[in-house]
Amino acid sequence: MKARPKPEEAPAESPAPETAAAPAPKRTGAAKVPARLAGERRTGAPRREGAGKPTAGKPAAGKSPRPQPGGERKPAGKPGASETRARPRRTGEDKPAAPRPAAARRAEPRPSPHPAEPRPAPRPASTAPAAEGVRLSKVMAERGLCSRREADGLIERGWVFVDGRRITELGTRIDPQANIALAPEARRQQAQRVTILLHKPVGYVSGQPEPGYEPAVVLITAGNQYDRGQAQNFHPSQLKGLAPAGRLDIDSTGLLVLTQDGRIARQLIGEDSKVEKEYLVRVEGELPAEGLALLNHGLELDGRRLRPAQVEWANEDQLRFVLREGRKRQIRRMCELVGLKVTGLKRVRIGRVPLGDLPAGQWRYLREDERF
């Protein structure tokens with residue numbers, strides 16, 4: 001039997017000559033989808049070419065991969081990128097695609113499963129980083145603009161400006177040398193606050209009520225106003241926020257200041273207050289010469305040394321005390337340390353404001369021309 005002649009094999013298609021790959025142009029946006037080439041299926045998957053034509057980056061079945069010019073090519077991009085984001089192969093390519101420039105890769109945003117959170121607005125130029133600067137409310141109190149509590153309220157209302165920029169965030173830190181200004185609304189609010197001078201009698205507590213004793217604020221009524229000819233008239237709304245700026249114990253009498261103004265409260269009872277308070281103190285007992293010197297300077301209370309005071313005899317049975325601090329029952333305890341017993345205590349002056357002829361149990365407004 002004659003052997004059937006073999007059909008003539010088509011000559012293998014020679015590969016295209018090697019040429020240098022031109023650098024890929026920078027992409028300014030999303031990659032364009034190439035137009036459908038001849039031979040592509042409508043399903044979207046490219047049709048395989050003949051075995052004689054190598055495909056990009058993948059050897060034909062049964063054949064070893066053709067060595068790449070310049071050695072083994074590493075995949076572009078981050079490790080693992082080819083596993084998560086496979087790119088469709090381009091039909092007709094006979095060489096591996098050149099890696100995309102880094103600028104083009106950065107220009108193409110990656111999808112995120114969660115929407116990006118908006119970045120916080122940059123801090124105003126007048127504010128300082130959290131680790132630096134001083135809290136705005138503290139600076140305002142130190143400059144006497146208001147108390148720290150009042151400062152927080154003004155900031156929340158948007159009535160505070162630092163170097164011309166409105167501040168509304170509590171806890172903002174600023175340069176201690178920054179310029180601080182209050183809105184006109186804040187100035188009007190401060191002007192409406194009242195400060196009252198009361199001659200507190202014995203038997204009333206200065207602040208919170210105690211069992212069997214009433215607070216001194218109950219004496220602030222229209223009937224107890226001393227100088228009713230003043231331009232300012234009493235209204236019950238003025239009792240809101242009225243608090244004592246300093247204390248007088250139940251057994252003491254004299255000048256007590258109650259105020260709605262945090263600036264005055266800080267001036268009188270702040271830690272750095274230097275405002276003088278003058279008292280007339282009736283005592284019993286013998287005071288040695290060294291005892292008077294100790295009352296002026298040298299005593300301690302609760303393990304803390306007292307500030308220097310001015311103590312002298314006012315008459316045979318009364319001492320005059322001028323203090324620049326206010327510890328609890330300070331004068332009574334000082335006298336006990338030198339062998340004296342206090343039988344009467346009256347405060348007659350705070351700063352430059354005297355008690356004067358204000359009767360016990362009555363009150364008056366602090367005048368506009370009066371300053372502590």
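Including glycine, each Cβ sits where the backbone N, Cα and C put it.
Sequence annotations record features per position, and here TrEMBL assigns region 'Disordered' to 1-135. For 12-32, 52-65, the entry in TrEMBL reads compositional bias 'Low complexity'. Taken from TrEMBL, the feature compositional bias 'Basic and acidic residues' covers 38-51, 84-97. Sequence annotations record features per position, and here TrEMBL assigns compositional bias 'Pro residues' to 112-123. What TrEMBL records for 134-191 is domain 'RNA-binding S4'.
Computed over the domain 'RNA-binding S4' (134-191), the whole-number mean pLDDT of the model equals 91. Secondary structure by DSSP for the domain 'RNA-binding S4' (134-191): 24 helix, 13 strand, 21 coil.
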